Every structure is written in C-alpha cells, then in structure tokens.
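Colleague: In case it's useful when we look at the structure, here is the feature table from TrEMBL:
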TRANSMEM  21-40  transmembrane segment
DOMAIN    23-448  domain 'Major facilitator superfamily (MFS) profile'
TRANSMEM  63-84  transmembrane segment
TRANSMEM  91-110  transmembrane segment
TRANSMEM  116-137  transmembrane segment
TRANSMEM  181-202  transmembrane segment
TRANSMEM  266-291  transmembrane segment
TRANSMEM  303-325  transmembrane segment
TRANSMEM  332-353  transmembrane segment
TRANSMEM  359-378  transmembrane segment
TRANSMEM  390-412  transmembrane segment
TRANSMEM  424-448  transmembrane segment
REGION    452-543  region 'Disordered'
COMPBIAS  469-479  compositional bias 'Acidic residues'
Amino acid sequence: MGRPDPEEGQLPAPVKPPDGGWGWIVLLGCFVITGFSYAFPKAVSVYFKELMKDFHVGYSDTAWISSIMLAMLYGTGPVCSIMVNQFGCRPVMLIGGLLASAGMILASFTTNIIELYLTAGVLTGLGMALNFQPSLIMLGTYFDKRRPLANGLAAAGSPVFLSSLSPLGQVLLEKFGWRGGFLIMGGLLLNCCTCGAVMRPLDMGMKRKMGKPQDKYEAKEMLPIGGKSEEGISTTDGTKKAKKAKKKPKKGKKLLDFSIFSNRGFIIYTISKFILVLGLFVPPILLVNYAKDTGVPDTEAAFLLSIIGFIDIFARPACGMVAGLKWVRPHVAYLFSFSMLFNGLTDICSARASNYTGLVIFCVFFGISYGMVGALQFEVLMAIVGSQKFSSAIGLVLLIEAFAVLIGPPSAGRLVDALKNYEVIFYLAGSEVVLSALFLGVASYCCLNRGKKKEPPPENNPSGVGGSDTEEAESDVQEAEEHSSDNHQPAHNTDNAVVAANEEANHVAEEQSGEGGGCPVGDGEVLARDGCNADQMVERDSF
C-alpha cells in the first residue's frame, strides 16, 4: 500500500493547489473531523458527574479521560506523520474512524475507570488522531492562496460540534445513562470514515494528464531513418538520463523530517504552543463541573459550553478572513500572539465569576479569543515550514504538546480536589496562556525580525526557499507539460531541437567562463532547476 514514487511522465510533486473545486468537499470533511477531534474531549465532561458516582473517583480521575484523549491526539503525531507519508491520508483516516468508534462502543461496557482510560481515552484518542492530522495535511494540499480562510472554516467545526455535542450528551445521559450515551457517541464517530473516504489525493487526478513516456524504439519508428534522427534520439536519451540522475535524491521521501528543528521560527512556535496548551484547555474542561458546584442546574451548566461554541463558530471564520488580508498575512504570528494574550486575560479577569451571569459573560469573551487561537494555530505553522514539510512539522509539534496536555488538566483537577477553589485554577491557566503569548511575540520580534535586518541577502539556493507553494507547483507543472509536448514533436523538428540545444550549451559555457560562474541566462530545463532566483519570497520567511 506504499505510495509509489513519481515516475517519468507523471506530474512532479508538489501539484498546484486548486484553491477550490474538490477542495471544498475536502474542507467539509476537515470541518467534521476537526469538530470531533476538539469538541469530543470537552463534550465528554458532561458525563463526569455520573462517572464519579459509579466508579467512586474524584475530579482529577475523571479529568484524565479528556486528558488521555487529547494526549493521544497530540502524542501520536509522529506516528501519524510516518503513516501518512507511507500510505497516504485516505487509508489512515479510514482506520482512524473505525478505531475511534470502537473505543467509545467498548467504553460503554467498562466496569472501572482504568478500562475507561484504555477504551475512551487511548483507543478513541488514537482514532481521532489518525483522522485529525491527515485532514489538515489534505487541507494544506488543496488550498494555498485561500488557505487562511480554509483553516478558519475548518476550525469552525470545533465550536459547531461543541455547541451540539454538549446538549446532546446531556440528553443522552438523562434518557439512556452514560453507557447508552457512550454507545450512541461511538456510532456518531463512524462518520469519520465517510470524511476519510472523500480525501482524494490531489496528484491522483492530475497524473492522468500525462501519458505514458514513449519508448525510444517507438520514437525511432516515428522518426525518419537517418543519422541525424539517431543522433536526436541518443541526445534525448542522454538528456533523460541526466534528468533522472538529477532527480534521484528527490525520490526518497523522508518519513519524518527532523531538519525543521533548524528553523528558528519553528522552535519559537513549538515552545510557545507547549506553554499555551498547559492552560488553554483547562477552563472549558472544568467549566461544567464548576457551574454545577455553584448551584447552576445541570442543563444550564451544559449550555455554557454551547455559548462558547456558538461564539466560536463566528470567531474562527472571521479571524481566518482577517488573517488572509494582504497586509495582515505576513504578520500572522503577531495576530496569533494577540489572540493568546486575549484568551489569557479573559481567564484571569473572569476568575471571580460566581454566578450564572458572570459565567455567561466569561463564555462570550472566551469563545471569541478561543476561536481566534483555533483559527490561527495551524495557519501560523504552515506559514513557518511550508506545505511540503507540514506533515512532519505538525506531528512533532503535537508530540511536544502531548506532554503539556498530560500535565495541564490533571494538575488542575488535583488542585480542585485539594483546594476546593476554582479561582486559583483560572488564575493559573490564564497566566500560562499570557506567558505563551508574550514569549511568541517578543521572541519573534527579537530573534527573527532583527536577525533578518542584520543578515545579508540570502544566496541563491535551488533546494531551499525559492517561491510560494503555488509558484513552485506551477513551474513543475509547466515543465512537465513542456516535456510531454516535446516527446510528441513531429519528426522534422528533431534536427532543429538538437542544433538549438548545442548552440544554447555553447552560449552558456561562454557566459560561465566570462562571468566566473554567475547565474546564467537561459531557458533550458536543467538551468531552470539549478538557476538562481532570489526574487521570490516564501510566506514563511516573512514570519
């Protein structure tokens, strides 16, 4: 089932993102997957009170269920990256949907909290991880110019599902108990398989544009008999062999690319996200139980998550549209830093909320700030590393965040058990989020922007950064189409092509000897690949 290397006659990767078309169906699937992945661990908190009664455990014990789900979502990132690079997104997502559903179905038959950890936590979390990461990779493959908007719309799946799964969970809990609720939730997770089925690889449809390469003996039959035709065929074969030798290193794709750790922007982003995750998920996970302890009825307490979700629905697409503006997109990292600062200050300012009105106000502002963070987090990562390294980057980032997920909510639950005070928890969580915002903003300004001013203009590097993903794809597509059309040239043009190639080679040799190895001017394919083009700038460099 491994993914075959691109053969001659097929379009080379990366393929130009269509920024639409089937991409909208992929976006819809990513919307559903994101909704389940992020909303499900929070929506499960509706069942915590009943689980505490049945299994005679405390807050911290039940909080581990959501934490393990999130930890599996994050911690299995590198494994998911390797599987996606080896087998592709679609089969990985289909397997993930089955695992997520099986975990919740088995959880409905558990008899102790440890079994819940293994089924609802580990198995369901692993299944959602195998769906979540490939969906983001596919979204980045189908969108480039509209990518901020696409990320914002896909991220809106989280609040939409949160606002619906929470009340649904409360209804299922009242009518069927937590066991029946888990069983029905497991059936709902089978929709992840449907979403995985629509994740059509972009290159599969594009490769059909290119026909099979002509064999040299077939070419001989089409060309007139003569020495010049033989010379043209041999020259063409030699050119093909040179191209194959040049493209050989690109065939072996790394299953996990650790070279991204040499990117200072990636290091800053990773540290900031680690600190952020320590406190970001704590308020929504403990909010329902906090409201119930203050005397709010169960139905109204569950409705608080729906308020967050409703506000979040509009905040994420709106933030994605703002991030896509020409004057904002180069500075999207600072917008991300502001959104984290807004979220942290919301937690701190709302720590003293002790009635339902105060909690509603907190939910409104938390929904806005949380939506901004959700819409920008992966857009910033894509801008830093680019779409080609995104599959490895997101896996490594999620692995590092997994440790923070395992520390944050369980530690907050233990503090609740020990202090019986939620105020301290909100102060602590807000301070962690504010710290991550300040670190990202200051480090980005000091380490990246100032460093760029001091560094001389970068030398021409064909293997490094040299254009946006769309521009690279366009050049590759154009080159492949030209190569295909050359194979079908009429016979009487072969002699002219050989003569033109010889004249161009002589011209290049004269320029190199006269200018001392400067960047030659020419339209030859080999020169275009090795040529120096420093005028194009990649979006991630602006970070």
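Every residue, even glycine, has its Cβ placed from backbone N, Cα and C.
What you are looking at is a predicted structure, and each value in this text was computed from that prediction instead of being measured.
How about a rundown of where these features are and what they're close to?
Modeller: Same-chain neighbours of the transmembrane segment (63-84): 37, 40-42, 44-45, 48, 51, 92, 116-117, 120-122, 124-126, 128-130, 132-134, 137, 255-256, 277, 281, 285-286, 391-392, 394-399, 401-403, 405-406, 408-410, 412-413, counting only residues six or more beyond its ends whose CB sits under 8 Å from a CB of the stretch.
Remote same-chain partners of the transmembrane segment (91-110), defined as residues 6 or more beyond its termini with a Cβ less than 8 Å from a stretch Cβ, comprise 1, 33, 36, 80, 83-84, 116, 119-120, 122-131, 134-135, 179-180, 182-183, 185-187, 189-197, 199.
Same-chain residues lying 6 or more positions outside the transmembrane segment (303-325) and placing a CB less than 8 Å from one of its CB atoms are 39, 42-43, 146-153, 155-156, 158-164, 166-167, 284, 287-288, 291, 296, 332, 335, 339, 359-360, 363-364, 366-372, 374-376, 379.
The list of residues near the transmembrane segment (332-353) in space but at least 6 beyond its ends in sequence, with Cβ under 8 angstroms from a Cβ of it, reads 148, 265, 269, 272, 276, 279-280, 283, 319, 322-323, 359, 361-362, 365-366, 368-370, 372-373, 376-377, 379-380, 383, 422-423, 426-427, 429-438, 440-441, 444, 543.
Here the transmembrane segment (359-378) has Cβ contacts under 8 Å with residues 38, 136, 151-152, 155-156, 158-159, 273, 276, 280, 283-284, 287, 290-291, 294, 296, 304-305, 307-320, 323, 332, 335-336, 338-340, 342-343, 346-347, 350, 353, 394 of the same chain, all six or more residues outside its ends.
Proximity of distant same-chain residues to the transmembrane segment (424-448), defined by a Cβ-Cβ separation under 8 Å and at least 6 residues beyond the stretch ends, is recorded for 264-265, 268-269, 271-276, 278-280, 282-283, 286, 333-334, 336-341, 343-351, 408, 412, 415-416, 543.
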Colleague: So, taking each listed stretch (21-40, 181-202, 390-412) in turn and counting its Cβ pairs to the transmembrane segment (116-137) that are under 8 angstroms, which one gives the highest count?
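Modeller: Maximum Cβ contact count belongs to 21-40.
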Colleague: By a Cβ-Cβ criterion of under 8 Å, what residues six or more beyond either terminus of the transmembrane segment (390-412) are in contact with it?
Modeller: 60, 63-64, 66-68, 70-82, 84-85, 129, 133, 136-137, 140, 254, 256-258, 260-261, 266, 269-270, 273-282, 285-286, 378, 381-382, 384, 425, 428-429, 432
